[in-house]
Every structure is written in structure tokens, then in C-alpha cells.
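Residues annotated as active site, proton acceptor in TrEMBL: Glu108. The substrate binding site annotation in TrEMBL covers Thr30, Gly31, Ser32, Thr33, Asp85, Gly86, Ala87, Asp88, Lys99, Gly100, Leu101, Gly102, Lys126.
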Amino acid sequence: MDIVVEVHKKTAARLAADMVQNGMVVGLGTGSTATYMIERLGERIAEGLEVLGIPTSEDSARKARQAGIQLTTFAAHRHLDLAIDGADEVQRGPLNLVKGLGGALVREKIVAQAARKFVVIVDGNKPVDHLGQRTAIPVEVIPFGWESTADQLSQCGAKSLHPRMDRAGHLFVSDNGNMILDCNFGPIEKPDFLASQIDSIVGVVEHGLFLNMASEVLVATEQGVERWEP
Ligand SMILES: O=C[C@H](O)[C@H](O)[C@H](O)COP(=O)(O)O
């Protein structure tokens, strides 16, 4: 763990948590950066802030409960005021994202889509010129016939593709009971085109390309926090 990077993640996360106002329904992201945001929200709740959270993973739900955040569901709240989440890559300019290296991309995308404002919190390692430049694109697929779904993804240009494994060396199982295929496309020139190709494959539940979704990205570096808008 790089302590300096952790400090930057925490800085962006706390700033985003401080954007939350009384009475809001807030989407709670997943991952190390989002965890700092959940912790800060817990501190603010202890000071009197009243909010409801919709978590993007079982892990975030657990952390939110520990932090004292009251949780709600889409059954009770169809729209969120604000969603705050980390990202694996942020494309400078359009602020397109790669998300899902923590395995929570489906719920994260549903929550981001339902939010009036989607704030992304990252450290300075995450901005890239092209998505796919540094990370694989995670694609959640149903387990049935995944080998065939993988062949279809290869035909979309994935140079290599690996089923995600868990720490014990077994196939990773998402909160939704699915698998994740990490697809290496290299730097992606036309993310919209690739996203629509992947969307059209039967067996794909969702992919980690979050295009035109971020309202604001907070990028924390040694120089401070930059606020980027599309
Ligand atoms: O599924 C995981 C999420 O998309 C995370 O938000 C993403 O992987 C970033 O995680 P971290 O803040 O730990 O770098």
C-alpha cells in the first residue's frame, strides 16, 4: 500500500462526503476510495447529519452499517440525490470511466444512473488519455455458457481475456451470482462503439465502461484537489 496515494484517495473522498447535505439519499460506492467516503459520512452522521444510503455492494453495505449510515433501497427511493464512487481509470476530457476492478460494476452503474449527480473520487494515478490504457475492462457475464460469451468478447477486439479469480484461487462470484471476465483491449479509440458492441452480446450482464455518466471528478494529487467537469 502506497501511503501517499492513500492520503490522496482519502482527501478526495472526504471532500466528496462533505458535499452531502441533510436529507439526501446517497449512493455509496465500492472500493478503497469509496470506503474513506463512507467513513467520513459516518463521522458527519455522528455530528448530526441525516442521510439515507444505497450501497453498491454487500461490502459497502457492511461498511456503511458499521459507520452508522442508515440504508434504504430502490423500492423506497427510485432516485438518488448524489452518488459517490471511485474509478479505475478516468479519461481526461469526456470523463469516461473504467470501473469494476473491485467486482461491483453492475450495482455501481445502476446507482450512478439513478443519481441526479455522480461524483467520482480518484487519486492522481487514475487519469488516462484512453480508457483501457492501463487496466482491463471488467465484463460481468452469467456463468452459463461463459466460454461462448468470452469468444464473442474476443471478436470485439479483446486481445486477452481472463475469468476473474478470488483470493482462494476459485472463480470470483459477484454479489449478483455472476462471473467477471477481465478483457484487455489496450487503449480504446472509440469507447462508445466498443460499449455498444459489448452490450449486444447475449450473456453479458454489464461492462465496466461508464460513458458520459460522471457529473464531476475530484482528482487528488500532491498539488491538491482538482475538480473536473465534462
Ligand atoms: O468494483 C469496484 C469499483 O468500481 C471501484 O470503485 C474501483 O475499482 C476503484 O477502486 P479503488 O478506489 O479501490 O481504486
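Each residue, glycine too, has its Cβ placed from N, Cα and C.
Checking the binding-site residues Thr30, Lys99, Leu101, Lys126 against ligand 1 with a 6 Å cutoff on the Cβ atom leaves Thr30, Lys99, Leu101, in sequence order. The Cβ of Leu101 (substrate binding site) has 20 neighbouring Cβ atoms from other residues within 10 Å, across all protein chains displayed. In this structure, Ser32 is the one among the binding-site residues Thr30, Ser32 with the smallest number of other Cβ atoms inside 10 Å of its Cβ.
The distance from the Cα of Ser32 (substrate binding site) to the Cα of Glu108 (active site, proton acceptor) comes to 14 Å.
Sequence-ordered, the extra residues of this chain that approach the substrate site, with Cβ no more than 8 Å from the Cβ center of Thr30, Gly31, Ser32, Thr33, Asp85, Gly86, Ala87, Asp88, Lys99, Gly100, Leu101, Gly102, Lys126, are Gly29, Ala34, Ala104, Glu108. Note: the Cα of Glu108 (active site, proton acceptor) and the Cα of Ala87 (substrate binding site) are spaced 10 Å from each other. In sequence order, Gly27, Gly29, Thr30, Gly31, Ala34, Thr56, Lys99, Glu108, Val111, Ala112, Phe118, Val119, Val120, Ile121 are the residues of the chain that are 6 or more apart from Asp85 (substrate binding site) and have a CB within less than 8 Å of its CB.
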